[in-house]
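Here's what TrEMBL has on this protein:
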type: TRANSMEM; residues: 32-56; note: transmembrane segment
type: TRANSMEM; residues: 68-86; note: transmembrane segment
type: TRANSMEM; residues: 114-136; note: transmembrane segment
type: TRANSMEM; residues: 156-175; note: transmembrane segment
type: TRANSMEM; residues: 187-206; note: transmembrane segment
type: TRANSMEM; residues: 226-246; note: transmembrane segment
type: TRANSMEM; residues: 267-292; note: transmembrane segment
type: TRANSMEM; residues: 312-337; note: transmembrane segment
type: TRANSMEM; residues: 368-388; note: transmembrane segment
type: TRANSMEM; residues: 394-419; note: transmembrane segment
type: TRANSMEM; residues: 440-460; note: transmembrane segment
type: TRANSMEM; residues: 472-490; note: transmembrane segment
Amino acid sequence: MADHEKGAFGSHVADDTKLENMGYQPELKRSFGLLGMIGFSFSIVTCWSALGGVLVTGVNAGGPPVMIWGWVGICCVSLCVAYSMAEMCSEYPVAGGQYSWVYILSPKKIRRQFSYLTGWFMIIGILAMGATNSFIGANFVLGQANLAHPSYEIQRWHTVLVAYGFTLIATFINMWGAKLLDRISKVALIVNIVAFIVTIVTILATNKNLQSASFVFKDFQNFTGFSTSFAGVIGILQPAFGMCCYDAPAHMTEELKDAGKEAPRAMVLSVYIGALTGFIFLIAACFCISDIDSVANTPTLVPLIQIYYDSTNSVAGSCILASLIVIIDIGCANALLAEGSRSLYAFARDRGLPFSTLISKVESKHHVPVAAILLGTVIQMAFNSIYFGTVTGFNTVIAIATQGFYLSYAMPLLARLIAFFTGSHRQLTGPWALKPAVSVTVNCVGLTYLLFACITFNFPSVYPVSSENMNYTSAAVGAIMFVAAVTWFTTARHRFSGPEVEGITAMVEGVLGSESDEGKGEKVVKT
């Protein structure tokens with residue numbers, strides 16, 4: 001046997017042993033390598049294309065300098081969050097991700113409830129982001145149709161049906177092309193980077209009316225109706241939509257070779273790549289905003305397409321650039337559904353959902369959780385269907401996508417700090433473990449940012465506030481907590497259990513069968 005084959009075999013055995021120590025039977029096929037996982041993660045993070053959707057709001061709330069320098073700050077604190085989660089992922093590489101880490105690190109009295117709520121925020125965030133991505137992709141498709149044929153008027157039902165198409169393509173790939181996910185993710189990474197370079201070079205080279213450096217880097221402007229300081233806060237946090245979802249590798253650890261090392265690496269690298277591409281894109285796009293009003297009120301309903309057209313003065317050129325975003329969105333839809341289905345599978349495996357036995361079943365031929373994939377598809381399409389009846393309602397889905405992610409990030413960071421200061425887990429020991437002082441510092445910085453963002457996400461973005469522009473994120477968070485409470489008392493209260501704490505303790509300490517009987521007692525409710 002060749003050395004690399006021995007190494008791969010050895011890492012598989014170690015990964016599976018670690019999973020078994022957490023109380024789980026390895027069922028998914030480890031087909032991902034590092035490059036594929038970086039591509040998978042960046043397909044979802046894809047900051048530069050996501051930022052195109054918040055350009056107008058950001059420019060109106062403080063202007064380009066607030067958004068650009070706010071992006072730098074957001075990336076710095078997001079790296080603290082990423083390193084914190086990478087440390088936990090390295091020690092506990094399990095598909096449950098955030099809610100599993102919360103279960104392991106939280107005090108025994110509250111671990112089940114705290115973990116369960118984390119799981120709900122995590123899953124709703126992922127699936128809402130999947131619906132949001134399909135919606136964005138649909139807008140880019142229909143926006144091109146309007147640009148090429150100005151007489152065509154985009155209807156809401158057109159958008160929903162095209163969004164369904166994105167989700168169904170992702171479903172097909174996840175159901176029958178699962179063994180190709182690694183290759184698809186590598187191709188997606190290449191396409192994403194090439195599209196980024198082509199877009200930046202094209203709009204800067206063809207635009208004849210570039211904005212001044214003062215407009216991009218210095219001039220503050222406020223069209224929100226709020227005070228200057230409050231508008232600045234809104235402007236800073238607008239780009240936060242473009243820097244989330246980097247937990248994706250954590251949910252694919254059971255399909256990744258040498259997961260304890262490579263999943264954290266992919267997580268952190270996707271943030272670095274996203275930070276750099278997002279920064280360059282923001283600068284280029286802000287230089288190319290010739291007329292803010294025309295961009296904000298474009299008949300294509302996609303400000304970025306209008307920026308493309310204003311820069312190139314070519315319908316064909318604009319459609320080519322927009323088509324690159326469509327291709328990226330297809331890759332993102334595929335990755336988000338994969339991430340969401342693995343999260344549903346893991347949560348059901350821990351008996352956190354109704355019909356858990358069905359949802360957690362893995363199809364033996366392709367080694368994928370078919371029921372979880374189909375459930376994720378149905379939920380995403382249901383979210384998109386809200387747009388049939390109400391724009392405000394679907395805007396809430398978009399808002400809860402980011403809020404759900406950020407809340408699910410905050411909870412394990414809080415649990416990690418509690419574990420450190422109570423002495424139950426002062427030092428993590430995985431390959432990406434940080435020194436205790438560094439670990440506590442990045443957790444504190446990351447948690448502070450996440451809590452600040454989660455509060456600010458609930459504020460409206462313009463004043464005066466009406467029923468049409470009101471921010472209903474807080475109501476959506478309350479709805480998630482209500483659903484979590486109902487399912488907790490009806491199905492999960494006596495059944496839900498996270499990773500086996502006793503096995504994890506034995507794995508970390510190297511002593512089989514150590515620790516108290518708490519893990520044994522909790523394992524009973526899982527079967």
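Glycine residues also receive a Cβ, built from the backbone N, Cα and C atoms like all the rest.
Annotations in TrEMBL come from automatic prediction, not curation.
By the count of Cβ pairs under 8 Å, the stretch nearest in packing to the transmembrane segment (187-206) among 32-56, 68-86, 156-175, 226-246, 440-460 is 32-56.
Of the candidate ranges 68-86, 114-136, 156-175, 440-460, 472-490, 68-86 has the most C-beta pairs within less than 8 angstroms of the transmembrane segment (226-246).
In summary, the transmembrane segment (394-419) lies against the transmembrane segment (440-460): three or more C-beta pairs, each 6 or more positions apart in sequence, are under 8 Å.
Sequence-remote contacts of a segment are chain residues at least 6 beyond its ends whose Cβ falls under 8 Å from one of its Cβ atoms, and for the transmembrane segment (472-490) they are 113, 116-117, 120-121, 124, 353-354, 392-393, 395-397, 399-400, 403-404, 407, 457-458, 496.
Counted over residue pairs 6 or more apart, the CB atoms of the transmembrane segment (114-136) and the transmembrane segment (68-86) come under 8 Å in fewer than three pairs, which marks the two as apart. With Cβ pairs under 8 Å as the measure, the transmembrane segment (312-337) is packed most heavily against 32-56, out of 32-56, 267-292, 440-460.
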